[in-house]
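Undergrad: Have a look at this one.
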């Protein structure tokens, strides 16, 4: 089964907790702190595998969670860092943040890797907090929580040339005779319901990939027929072969077909009309095809002024293989002259994550619940909160000093907080002391 979209959740591993421990050995008086740091949590990494052709693996397996780092140990030993969770994806997978819609990465090269969720760093053990004033601290940190996010995956197959046209104009037949692909062929509409891919090799030795897409009909951009759901697979192509049934066997005007399909491509709004098109006049072995072709050329010329270059038209027959060699040579020549079209501006993509905080990032926010409790939130504040070991009094006092240093106390006073008011961070509540 072909699946080209999927929504999944990924959770990187938490960092391991730091340890509070002291050196206790015979003949070693005042051994001092000896608690080690926790290990790093595992990342969730997408790896491109050219052997995959669909996102089917994500249909039933939608949750991916990396292991957490090990806790710090005595004797100053660090916990082991967790292994990264490596998830295989097919070439041509676009990864978006499901919440913001932002493109995180576009994975097109075999072996390409991208970290979609970063593991948390390990918490520090008490050996890290020793100072001349406090040589035996009972302070440690919890591990940093791993990144958690929901992702939208879209597969856009890698092809140099895309075949577009109404249903039953001969796209699948053409693909079957110019490549070794074996698409389903039938004398009814929408025989092709998933994209098919094949490799062409011309007589001159050049090769390129061709994608046969399910047929479009008028109104596809509004969801008629199969809609435009498969047009994402033409986004990576550099040349479009516009297949037209010149026999008019369906009772439609070939030129009206040409206009209708171009309108649907334009409605898709992904600069598809900027790609060079070759008009393929198919079924030239049928009666009246030549007459219809002449009429088509006349109407096409009437809609172009004398200074515009008319699109190239190649009469062929997929059934008798008439004109195929000329068409393929012209397509290969056009491909050589056509650069790749960038789907996304790399400056808009998420950079590899870094650790730390932006200087301009707001450290905390203050709000008030209906029960008059002050509520503190904010990414920086919550990170400090989550890494505080509330089982140790010294760690709690350290967190209080950090809040004071961030200006939380002054901000609460400015908002009208009074001695004894309740303050909540997450599920933790404490009294404000003025």
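Glycine is no exception: its Cβ is also placed from the backbone N, Cα and C atoms.
Given the structure is predicted, the values throughout are model-derived calculations rather than measurements.
As annotated in Swiss-Prot:
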| type | residues | note |
| --- | --- | --- |
| BINDING | 165-172, 190-194, 212-215, 282-285, 317-319 | GTP binding site |
| BINDING | 172, 192 | Mg(2+) binding site |
| DOMAIN | 1-158 | domain 'Obg' |
| DOMAIN | 159-336 | domain 'OBG-type G' |
| DOMAIN | 356-434 | domain 'OCT' |
Undergrad: Taking the Cβ of residue 168 (GTP binding site) as the centre, count every other Cβ atom within 10 Å, in any protein chain shown.
TA: 20
Undergrad: Round to a whole number and give the Cα-to-Cα distance in Å for the pair residue 172 (Mg(2+) binding site) and residue 214 (GTP binding site).
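TA: The Cα atom of residue 172 (Mg(2+) binding site) is 9 Å away from the Cα atom of residue 214 (GTP binding site).
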Undergrad: Please report the number of other Cβ atoms within 10 Å of the Cβ of residue 317 (GTP binding site).
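TA: Residue 317 (GTP binding site): 22 neighbouring Cβ atoms within 10 Å.
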